[in-house]
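Participant: I have a structure I would like to understand better, so I am pasting it below and will then ask my questions one at a time.
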Amino acid sequence: MAKRIVGSTPKQDGFRMPGEFEPQEKVWMIWPERPDNWRDGGKPVQEAFTNVAKAISQFTPMNVVVSQQQFQNCRRQLPPEITVYEMSNNDAWVRDCGPSFVINDHGEIRGVDWTFNAWGGLVDGLYFPWDQDDLVAQKICEIEHVDSYRTDDFVLEGGSFHVDGQGTVLTTEMCLLSEGRNPQLSKEAIEQKLCDYLNVEKVLWLGDGIDPEETNGHVDDVACFIAPGEVACIYTEDQNSPFYEAAQDAYQRLLKMTDAKGRQLKVHKLCCPVKNVTIKGSFKIDFVEGTMPREDGDICIASYMNFLITNDGVIVPQYGDENDHLALEQVQTMFPDKKIVGVNTVEVVYGGGNIHCITQQEPKR
């Protein structure tokens, strides 16, 4: 059985969140279906999710959760080696509503169940209701027989931070200090929450993310740890790029930062697409009051940074852009001992996310 842990934190109990580059037991996804977020009733994006899941399963066992209505369709589209569970949900962003797993030095694992409010709640959230998404982390922990910590007084999404597993967390001011999440907490109080529940000693703050309308600037589109003391950061010198200012600011900040161990960060550049990815065929997306509308010509958050590191592989977004191959080469340089797999995720970015957003790794115990 899985129980809730009250009156304590992972830090007090000797649990830490490992870096994404550390060994993984499995990866989780949620099957997409919302017709008010995905084109053509979700059919094109289901193909993209399937391709992402297949790519990951080359390196790590895959679990996919899906609503009752879509169970048979999901099961038919995914190969038999991928496990499928029925689970109610509001949408498909398991990085943000799923558990952040923490481990200790004795082979034990627990989950952190952050309060989820659809990226801003009633202030600027993307949809309502979000109650089923807020239960996903607890349900996954139940399936895995993993005890969990619930942060009832603290809203956070998994895509808003990256850890190095050695005491450092990377995040953005735009997201964590936004009005729709924890307006009752100071920046210092938010830092303390991160330290307590991720078991870190140092918080590295970037400024803005590149998606103010979607997630208020999640860091996983901008930068991530690729190894202890090493980070990747999006980079462009094209001043016409919608990502230029945020990318330049993040890169310059990272160059001056040290981690919790006192190491000067080594910063690797990762290119941006040459052309903007813009929404096409928005008439194929149902309009529903209370859900963020999507219009033709809207610029999507097409970042190569939103990749997933998983055991011996790295799964990287592709957009049919002339920089696709360069991005794969740059990621290969960052991970010389891993296989780099590109997957076209245009349909995913139409809905507001990417590979890292739709996956959640479970570390080895």
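Backbone N, Cα and C define each Cβ position, glycine as well.
The model shown is predicted, which means the values in this text are computed figures rather than measured ones.
The agmatine binding site annotation in Swiss-Prot covers E214, D220, and the record cites similarity to another entry as its basis. The active site, amidino-cysteine intermediate annotation in Swiss-Prot covers C357.
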Participant: Would you mind ranking the binding-site residues E214, D220 by how many other Cβ atoms sit within 10 Å of each Cβ and giving me the lowest?
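Facilitator: Relative to the other binding-site residues in E214, D220, E214 has the fewest Cβ atoms within 10 Å.
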Participant: Validating a neighbour-count step here. Other CB atoms within 10 A of the CB of C357 (active site, amidino-cysteine intermediate): how many?
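Facilitator: C357 (active site, amidino-cysteine intermediate): 28 neighbouring Cβ atoms within 10 Å.
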Participant: Whole-number Å distance between the CA of C357 (active site, amidino-cysteine intermediate) and the CA of D220 (agmatine binding site)?
Facilitator: 8
